[in-house]
């Protein structure tokens, strides 16, 4: 359920963009009527309408995700708060300035913030971030936690670079597709590799899984 909620804003962004892209003139008229007060000049063009509408949806979806967790009395992860702040500020800039550049940079900034968190946690808090998150559920040797922590830092740093590369070398439509499915697919593959590595070094009753 949590994983679904995490990816829901991205999926809704993609769906909104694609629907609006297929009906650009109608989307522009709708955006001008309903978002005119939020954009510089008050008029939304057909070329920019899809990404502006998708941006509004992703802001609202992320806010709804936070409110849902709060109403259920569940903890809102720090990174979700960061994501909400980034999408609100950068998404707001995209809407006001009619510029897709800001929302395209948002995933990269978030990825780099997460990469920095994994790198700085051992220095600031004296423990690997992943170990702090999963240490109570999984027992691994210290060296394994360290490697996993560095792997996550490298993965997020690389994803940030990849997102910008796609954003500046391909169309907005291609970028939106990559954002929804490319990033998600790479995340699943990486998590699978992490799971296999964890299983290899996992301790069961004090014995490593690969030695049992």
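Indices start at 1 and increase along the chain as displayed.
Using N, Cα and C of the backbone, Cβ positions are placed for all residues, glycine too.
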Annotated range (Swiss-Prot: transmembrane segment) out of 105-125, 126-146: 105-125
Swiss-Prot annotation of transmembrane segment - which of the ranges 24-44, 150-170 it falls on: 150-170
The transmembrane segment (178-198) versus listed stretches 78-98, 105-125, 150-170: most Cβ pairs under 8 Å: 150-170
When counting Cβ pairs under 8 Å to the transmembrane segment (150-170), the leader among 49-69, 78-98, 105-125: 105-125
Long-range Cβ neighbours of the transmembrane segment (49-69) (under 8 Å; 6 or more residues past either end): 5-6, 8-10, 12-14, 16-18, 20-21, 24, 27-28, 30-31, 35, 39, 75-76, 80-81, 83-84, 87-88, 91-92, 94-95, 98, 100, 103, 172, 176
